[in-house]
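Read the structure below first, then the notes.
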Ligand SMILES: NC(=O)C1=CN([C@@H]2O[C@H](COP(=O)(O)OP(=O)(O)OC[C@H]3O[C@@H](n4cnc5c(N)ncnc54)[C@H](OP(=O)(O)O)[C@@H]3O)[C@@H](O)[C@H]2O)C=CC1
Ligand SMILES: O=C(O)CCC(=O)C(=O)O
């Protein structure tokens, strides 16, 4: 805990289903808590709190008016009783949604899971990421976040004087974010030379056939890459493959100080939340490796979520193509701005991005009377 938050941590459990979960509202000075809901077999409260904090900065960085929050369920996302667990989780948090928090999609969750939350609580307003037939914007199926990550890669590459045509990209994680980033990167001219999932890594220095990988994924889920026809190398090989651009798009804490000193990419664009440790950021900065931080590069999902929440509350029809335009229009300049600020201020891109986001959150807290003159928080939501 610090002066930014969290404002509220709600741990919930249900003996009958074995459900165990947590909601963290980090900082809601700029609006209702919003961030996806994660389901993972080794989830911790600390992990959810770190992700909620990232959401605080992410909303501020795109200058949209929601607060930072995240929810998580401890469990296997492929468990046969997942629906029961989701229903128990939704019931346990019924008094928090949608007033304080709106469910959404993160690792281990899909559009059909958002539909269960809505069914259990009888209100479309409790979750984003719903299927179209329930009036939602299925941002994982549409691949909005991955699209935005690829747009950030392109903007950063151009800003650094290069071009994507001929650039060799490696993507760690071939889920909602990684797979759609790969698709858009190929459209933009890049050559994807490696992708991985939790099972292993496939790579080809001459370029992988991303269309075929996407077809395999559609047929067999994320694990489809094992059927690509190349030897599956160990999971950890992906980050050290020879490439120009690295896109971590799986879990947090995968790039540590040691790896930062050895990876070959000249540009790292963070599709995952929190993939790089603070020490690793310093090493990358010292080595001249440009980094577009998570809350700048992967904000496509929240732009889609915000758009769909507005659409739900009004009569206008959702135009999905507009979401992609909005993502591009927000993320490209943000990616360039943090690279420029980092040079101007001689700090890491993360610190440059953080300064921009913190200024906006601090101002909202000040206007709401949550800060003393010396900048200390004086008022908190009760736990
Ligand atoms: N979905 C969204 O809109 C957003 C997601 N993010 C972040 O992006 C990241 C990915 O999320 P998302 O794509 O939605 O999640 P998914 O659950 O759709 O996909 C996760 C992918 O990561 C793979 N994976 C898991 N562990 C490893 C590992 N050790 N090495 C390589 N790959 C691994 C999984 O493989 P397997 O299938 O084999 O388990 C799967 O391919 C997360 O950090 C999330 O917080 C950020 C912003 C928005
Ligand atoms: O807010 C959401 O529902 C999805 C976006 C998200 O969780 C994230 O950006 O990490």
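Every residue gets a Cβ built from N, Cα and C, even glycine.
Any TrEMBL annotation is an automated prediction that lacks curation.
Taken from TrEMBL as is:
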{"type": "BINDING", "residues": "34, 58", "note": "substrate binding site"}
{"type": "ACT_SITE", "residues": "70", "note": "active site, proton donor"}
{"type": "SITE", "residues": "106", "note": "site 'Important for catalysis'"}
{"type": "BINDING", "residues": "145", "note": "NAD(+) binding site"}
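Taking the features listed in TrEMBL, we show where each one sits on the structure.
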residue	record	Cβ contacts under 8 Å, 6 or more apart
34	substrate binding site	55, 59, 66, 67, 68, 69, 101, 102, 104, 128, 302, 305, 306
58	substrate binding site	68, 294, 295, 298, 299, 302, 357
70	active site, proton donor	23, 24, 26, 35, 36, 37, 38, 48, 49, 51, 52, 55, 106
145	NAD(+) binding site	139, 176, 177, 180, 271, 298, 299, 300, 301, 304
Next item on the list: Around ligand 1, within a Cβ distance of under 6 Å, which of the recorded positions 34, 58, 70 show up?
Entry: none
Note to self: Taking 10 A as the limit, how many CB atoms besides its own sit near the CB of residue 106 (site 'Important for catalysis')?
What the structure shows: 23
Check: For residue 106 (site 'Important for catalysis'), what is the secondary structure by DSSP, using just helix, strand and coil?
Finding: coil
